[in-house]
Amino acid sequence: MGISRLLSHLLCACLLCYAGFSQAQVEDTEAQKLLTALAESSFAQKKAVVNQIAESGDERARGWLESFSSNKLARVESSGQFIIVLENRGRDWTVESALTGENLGDMSRRDIDTVRVNNALRNEIEGILSVIDLKSPDEANRLSAARALKGSVEGTLAERLPELIDAEQSMSVQAALTEALAIFNVEEQGDVAAVATLAGSLNSQARAALQQAMRSDNAELAAAATDAMASIEQKLKLNRAAETLYFGLSLGSVLMLAAIGLAITFGVMGVINMAHGELIMLGAYTTWGMQQLLPGQPGLALILSIPAGFLVSALAGIAIERTVIQHLKGRPLETLLATFGVSLILQQLVRTVISPLNRTVITPDWMSGSVMINEALSLTLNRLYVIGFALVVFAGLMLIMRKTRLGLEVRAVTQNRAMARSMGIKATRVDILTFALGSGVAGLAGVALSQITNVGPNLGQSYIIDSFMVVVFGGVGSLWGTLLAGMTLGTINQLLEPWAGAVLAKIMVLVFIILFIQKRPRGLFPQKGRAAEG
Amino acid sequence: MWLTRPLQERSTRIFLGVLFASLVIVSVLHVFMPQDSALHVSAYTVTLLGKYLCYALLAVAVDLVWGYLGILSLGHGAFFALGGYAMGMYLMRQIGDRGVYGDPTLPDFMVFLNWQELPWYWLGFDMPWFAFIMVLLVPGILALVFGFLAFRSRVTGVYLSIITQALTFALMLAFFRNEMGLGGNNGLTDFKDMLGFDLRTDATRLGLFIATGVALAMGYVICRGIVTSKLGRVSIACRDAEARTRFLGYRVERVQLFVFVVSAMLAGVAGALYVPQVGIINPSEFSPLFSIEVVVWVALGGRATLYGAVIGAILVNYGKTVFTGIMPDAWLFALGGLFVLVTVFLPKGIAGLLFKPKKAKVADNTPPEQEATA
Amino acid sequence: MSILQELTNRDQVFEFLTPAQSPVDVRHGPILYLEDVNVSFDGFKAINNLNLTIDDGELRCIIGPNGAGKTTMMDIITGKTRPDTGSVWFGSRHNLLNLSEPDIATLGIGRKFQKPTVFEALTVFENLELAMAADKRVFPTLTALMKPEYRDRIDEVLEMIGLKALRQALAGILSHGQKQWLEIGMLLMQKPRLLLVDEPVAGMTEQEMERTAELLTSLAGKQSVVVVEHDMGFVRSIARKVTVLHQGSVLAEGSMDQVSNHPEVIKVYLGEEA
């Protein structure tokens with residue numbers, strides 16, 4: 001089915017090409033004639049010629065009119081050949097043939113006669129170009145043309161719009177055109193009926209038109225516009241809320257990713273790993289390194305960085321566990337200090353070996369750009385990917401904890417180390433594996449962070465305190481707690497930011513957590529169990 | 001009297017003897033040795049030593065809460081900085097119209113930011129007695145409020161460490177803001193004189209150095225007085241078996257709060273003496289790195305000894321001065337390595353290495369099993 | 001905001017400043033009442049409708065299999081755990097549920113933990129000094145001086161617990177049994193009206209056990225003593241009245257003979273032991 005359709009499209013395309021070639025010769029004389037007319041007739045007559053060109057159906061017509069309106073259509077004095085000026089700075093201008101599109105190199109500007117144009121014509125052409133676009137066979141082209149029209153409809157175009165709307169097949173294009181026309185009607189005509197059309201619109205031009213109408217002397221119009229504006233404000237508020245939520249969730253998933261490894265190591269071993277931030281940094285640098293190894297393929301490098309980042313950080317984690325942490329069993333405060341020392345060393349290592357400056361990690365094409373939900377709300381893709389990635393990592397960890405032998409042992413050791421040991425669980429092995437897992441997840445967080453923030457030696461430092469806050473807020477050792485805490489803190493931060501500013505918002509979140517700890521010293525989801533005495 | 005008891009102790013007498021002897025020697029070498037003599041101590045060195053003594057006092061304050069109470073504060077830099085800011089505000093007001101903009105009341109940075117009048121919290125800082133009270137009161141009140149909230153809900157151990165770190169981090173962010181009215185990024189600087197003495201003269205510098213030494217001595221005696229009192233033994237009891245202490249009828253949170261506030265005030269004094277000597281106070285003093293560095297001085301010197309904290313602070317900072325002079329890049333490696341080595345191989349610090357006390361007061365900080373699992 | 005409210009509204013805060021010195025009201029006989037107490041951890045009912053009364057001057061043994069709720073019961077009496085429902089009164093004047101651990105300790109309830117907990121970094125003498133009944137507020141503690149009568153009192157207790165020779169030794173170096181005694185000594189220094197003793201003879205030799213039994217029985221009469229113990233021999237040697245706990249409530253109560261012949265008790269507890 002799909003293939004046969006593809007074939008038929010190809011066939012059509014071939015036929016069209018063939019037709020184009022056979023007519024080329026004929027058309028070119030026709031085209032030369034039209035352009036000559038444009039160049040030689042008076043301003044009054046030019047309008048008609050412009051319309052003729054537009055209706056000629058020539059594919060190049062758009063280009064001609066565009067360059068004409070921007071003073072770039074010209075004629076070579078000697079040959080009468082029409083050219084389009086590409087670069088008009090300096091004495092020699094770079095030009096191409098208007099008919100064949102062939103680049104003709106540089107030409108002295110003295111040899112060139114620009115086809116003259118005036119503002120009335122420009123306006124006319126703008127409308128005509130829109131019409132050309134609106135007649136384009138490609139729906140996407142029509143849609144973007146229709147959207148561009150909002151707020152820039154001119155009198156002549158407005159007359160033609162109703163018929164175009166009727167002829168339009170696509171609902172969305174039709175809607176956009178109707179709105180464009182309504183904006184024109186409200187703005188220029190003070191049409192009360194058109195106000196209703198704009199009532200739900202999120203377009204800024206539509207709002208501008210309504211605002212103008214609200215100040216109108218026509219009481220009826222002003223009232224209708226005020227009503228419409230109110231409904232728009234309502235909708236905008238919702239959209240802004242959605243946007244804040246999106247930013248909040250995106251920040252939240254970053255926090256969650258950064259913190260969840262910490263939650264695991266802290267929960268299982270009671271160990272504060274101050275070098276956790278630097279393990280995140282290692283993950284980010286792994287991404288950068290991968291992209292250096294695979295130049296030109298940032299996407300592939302990024303995907304390969306996911307396992308690589310995990311591995312690098314996990315190995316670093318094992319090294320830290322074996323060299324430092326295992327010697328400090330049962331001395332959590334000393335562990336905190338020692339791992340802080342490790343974090344200083346790792347930071348300085350990166351500064352010395354790589355560079356103290358930030359490195360650029362390329363965002364692959366498929367991750368850049370944004371998804372437009374409506375005219376007031378578009379979601380940036382990279383953040384969307386990070387949210388998705390965070391959720392996948394979370395689900396993965398959940399699976400490991402719930403479904404694997406390691407998870408079972410980890411949970412056993414978390415709840416009662418002595419008992420687990422006496423049941424034959426090798427607590428040391430569990431410690432190493434847990435630490436590797438927690439560190440590896442930090443590496444994953446680094447890979448994700450490399451897409452939304454600067455990769456530099458201080459990357460880890462800037463996340464470590466936030467991560468701790470998330471863990472403390474969520475409750476040590478609770479994955480769900482970490483998820484909820486990350487998302488909550490992210491959202492609170494984003495909610496506060498607009499009216500408090502970024503720094504103050506952060507301070508408020510920190511103070512909030514400090515106060516929260518007073519009420520629930522063990523976080524949102526405290527580890528439960530029969531209280532051990534002591 | 002609890003304050004005079006330490007003076008009868010041999011260790012305190014030795015400490016005070018060494019300290020005062022050093023003060024006298026440095027002063028004599030500075031004043032009486034000719035400039036070109038190898039034994040001459042320059043004004044620069046005097047100020048540098050004064051800075052070390054400030055750090056030593058801060059370290060003593062940290063040791064009081066960490067060594068004897070088991071509270072690892074990663075936010076003592078905040079109390080230090082607040083004391084410093086209180087002093088800085090006084091010094092700022094002393095500049096008067098000698099600033100770059102010559103405004104008689106507003107400090108330069110406020111003129112620069114187009115402020116019209118002095119914010120209310122700057123009022124009174126032109127009076128030295130008020131500023132000196134604030135040096136104690138501001139860190140003290142912060143410690144009181146923070147400690148009240150934390151100890152009341154029994155936040156201890158690593159949790160407390162983390163939120164003290166968050167506290168100093170939040171303060172750092174706050175002080176970076178220009179809207180705080182405390183100089184933002186640049187902090188307070190360009191001080192001219194203090195109590196009428198020109199801060200740039202050698203005599204004033206020497207005076208500050210001696211004052212710092214005396215403050216350190218007093219701080220040491222106060223801490224020693226606390227730890228040798230029954231309250232000191234209760235602190236150790238809280239550190240090692242909090243629940244048991246509570247069942248004996250002691251209000252653990254009150255003990256913790258009292259010691260914490262005293263410690264914060266000492267840190268404030270250290271900060272206040274630091275500022276006129278280095279000539280600037282800015283938000284970087286609030287950075288979590290600084291606070292945690294202080295802890296490693298104490299760990300290196302030997303926890304729960306007080307004099308160990310002084311040794312550690314002076315050694316590490318001397319090392320820092322030397323290192324950053326010769327090869328600045330290596331300093332963080334050295335510091336990081338120090339953290340690891342001291343905690344793993346030298347849990348009792350230099351003090352534990354040098355002196356084997358008859359009565360080992362330094363307990364292994366291993367919390368009882370139930371606390372680790374609870 | 002609730003913090004603020006507590007600060008401003010609750011007059012209880014001011015009560016803290018003047019520790020409850022009022023004597024325990026035992027005119028009605030019992031010194032401790034537990035009525036309809038319930039506690040659950042995560043749905044697990046540790047204490048289930050527990051009713052228990054201890055008379056003034058009584059020596060009571062509480063036995064029961066693991067998980068019967070013995071330690072939880074002590075936690076409730078000493079204020080460590082708050083029950084979900086029920087009431088706990090010390091005499092007929094003091095509602096223990098309104099008091100904090102130090103308040104309860106100051107009122108006169110002393111507790112020895114299951115695992116001996118002494119201050120290992122302090123000497124035996126200092127351990128007893130800290131336990132001594134005194135004004136335990138911060139400033140009085142800071143300025144406290146060692147008076148001769150305190151020294152005498154400590155020496156007296158050191159004699160009783162047989163640690164006189166070790167008075168300047170760090171508590172950390174004591175043997176398990178010595179720690180148990182030190183902790184009992186600390187209890188005695190507190191001069192409590194009610195002693196809660198959790199497994200006092202674990203890790204003790206026969207001889208030590210005998211001395212402990214002697215000590216505890218000698219206390220009864222002047223003070224009320226509640227002993228939780230697993231060692232049946234020890235219980236038999238000191239017990240006048242025994243309470244059997246099972247699944248968080250009282251299964252049987254009476255003399256050792258009565259209890260050990262109780263069919264339910266044999267089924268759930270002694271049956272396994274015998």
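Any Cβ shown, glycine's included, is placed from N, Cα and C.
Remember, it's a predicted structure, so these values are computed and weren't measured experimentally.
Listed in TrEMBL:
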SIGNAL    A:1-24  signal peptide
TRANSMEM  A:245-272  transmembrane segment
TRANSMEM  A:300-320  transmembrane segment
TRANSMEM  A:332-350  transmembrane segment
TRANSMEM  A:384-401  transmembrane segment
TRANSMEM  A:432-452  transmembrane segment
TRANSMEM  A:464-487  transmembrane segment
TRANSMEM  A:499-517  transmembrane segment
Criterion met for the transmembrane segment (A:384-401) and the transmembrane segment (A:332-350) (at least three Cβ pairs under 8 Å): no
Considering the transmembrane segment (A:300-320), which listed stretch of A:245-272, A:332-350, A:464-487, A:499-517 counts the most C-beta pairs under 8 Å: A:332-350
The transmembrane segment (A:432-452) versus listed stretches A:245-272, A:332-350, A:464-487, A:499-517: most Cβ pairs under 8 Å: A:245-272
Close approaches to the transmembrane segment (A:245-272) from elsewhere in its chain (Cβ under 8 angstroms; 6 or more beyond its ends): 279-280, 325, 332, 335-336, 339, 379, 383-384, 386-387, 389-391, 393-394, 397, 410, 413-414, 430-431, 434-435, 437-442, 444-445, 448-449, 452, 463, 466-468, 470-471, 474, 476-479, 481-483, 485-495, 527
